[in-house]
Amino acid sequence: MVTDWDFKQLTNRRFWHLSAGLVMFFYVTCHLINHAAGVVSVDSANLAEEYLIELWTTIGGILLLSAAVLFHLGSALWVTFIRRSLRMPLWQWSQLLLGLLIPALLIEHAMATAGVRLQYGMDPDYRYVLAIFFHFAPEKLIGQLSLLVVAWGHGCIGLHHWLKIRDWYPRIQAHLYALCLIIPTAAIAGVISAGFEVRALVQDPIWSFDMLQEIAYPGGEADLFVARMRDYWLWGYALLILLVFAGRYMRIALYTRRKGVRVTYPSGRRVLVPPGATLLETSRAGGIPHASVCGGRGRCSTCRVLILAGADQALAPPDPLEEKVLANLNMPENVRLACRVRPTGDLRCEPLLPADVTARDALSGGRYRLGQELDIAVMFADLRGFTKLSESKLPFDVVFLLNQYFRFMGTAIEDAGGRVDKFIGDGIMALFGIDGDPMAGKRSALIAARQMAAQLEILNERLKNELGQPLKLVMGVHSGPAIVGTMGHGQATQVTAIGDTVNTAARLESLAKEHDVQLMVSDRVGRDVGIDLGIFPAVEMAVRGRKEPLQVHPIRSAGELPEL
């Protein structure tokens, strides 16, 4: 059964463009690994070919690969044709040019392998291909090694910019980067090693005759066929590229005769473009820096803009892709993705992110980058007497103890559904409910307090030989409205919260020390969660800016909290 989401994906050009690219990248990877086997011997490369390349020589494999190549190339040419501006980041230009170069380098090789297989029933193996490059036509070797590097580079650029907005990608990026270097290097080494081996073998007329017989080589007719088809396809491909770019400029010339769209930016600068250009293309055409981590593919949301005027008359409703991205970010109606919006009338807009935003910023900011007021629970926790304890310890011991403490407490907070906001000395600030569920956040805060108390007992038992006395924890928990947003500068940027709720939670933690209890929790938290904190006598705490004092409950041990 095809769901609505499936249908949207199946009718999405970008989805099929990506899928076709992944098919080709898998094929190229198989090819390069096959080449790398040549480091061992030609026979090893031939054996590897049976497992890695045989699939692609079947009718199904040829059709799949051909469809992927045609769709991926056609899609890229279509996007180039409909662009209003060719101003792009360097990485996009590199990917485009490398991609356009691949067919020109590939045509002759494809004709000499798949072409003769289909035309004459010939079965060219690895020995035959290497014999061409290292004996019969060594001048073709540079072109094929260039094809190897260009195809691999194009695929790696695309893969990187597809994955870089995934939160798990930075953790494995270094490993993938190493593979991106190792695989083509090993492939080139394999080609050269096996090539020299074949060059020595081909000097033997008997070996050459047997090899050509085994692959059913039809003679010079095949060479003429390859040369003829190469020329036909190269001229045809060159004509296609020429038509795309010429057609693009003719299309733009026709559009410029129509009334242009005027886009005004906060600086007062106005850019006039033909109708149909995206806001991202408009910014680039006007030389206005505009963030776009994914290159305008609607994946990262970093190009988003605030529409200040003209939205009703100039903009169509968001398409399904834009609507999904904006909904995930919980953005207001007047925030749109610049790469998806094509204004039909004048408007004013403001890019929301700096032009030098990175993939890390796209991952870390999310829905909070603009700042939101949310009803959340905030916890502050601190170790009592740790400063005095650290004075008698070596620096290494202090760091070890703190890291153990942070690991145990951080795990308890995250397991309860909270988020460690920051570690401050031996203190911890944690946020609960920032995903938009206030009730769940308050419950999570109390669950975390219980778990932290339990984890502290386990930690004290493990470190009893290193500690003169057990570690003592104090916590303060409060809930209420707070401003949640991405704040900071450079590498110190993170999602955090500010406001009276945060200040009150910090004050509760200090009050817990004054009352010599482990936990101080505001009455509001218990009331909202639905548990009776009346068994813990309440005290009043004066809060700056409020006439009435805040009712809070000192709890000797967080483990005494009712289970939730």
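Backbone N, Cα and C define each Cβ position, glycine as well.
Feature transmembrane segment, per TrEMBL, maps to range 141-163 of the set 141-163, 394-416.
According to DSSP, the secondary structure content of the domain 'Guanylate cyclase' (377-509) in residues is 65 helix, 41 strand, 27 coil. Within the domain '2Fe-2S ferredoxin-type' (259-355), the DSSP-based counts of helix, strand and coil residues read 21 helix, 22 strand, 54 coil.
Packing against the transmembrane segment (141-163) from elsewhere in the chain are residues 18, 21, 24-25, 28, 31-32, 35, 91, 94-95, 98-99, 101-102, 105-106, 108-109, 133-134, 169, 176, 180, 183-184, 187-188, 191, 195, 294-295, 299: each is 6 or more residues past its ends and has a CB under 8 Å from a CB in it. Panel annotation: around the transmembrane segment (15-35), residues 9, 45, 48-49, 52-53, 56, 64-65, 67-69, 71-72, 75-76, 126, 148, 151-152, 155, 158-159, 162, 183-184, 186-188, 190-191 of the same chain, lying at least six beyond its termini, place a Cβ under 8 Å from a Cβ of the stretch. Long-range Cβ contacts of the transmembrane segment (55-81) within its own chain (Cβ-Cβ under 8 Å, at least 6 residues beyond either end) map to 13, 16-17, 19-21, 23-24, 27, 30, 96, 99-100, 103, 114, 117-118, 240-241, 244-245, 247-248, 251.
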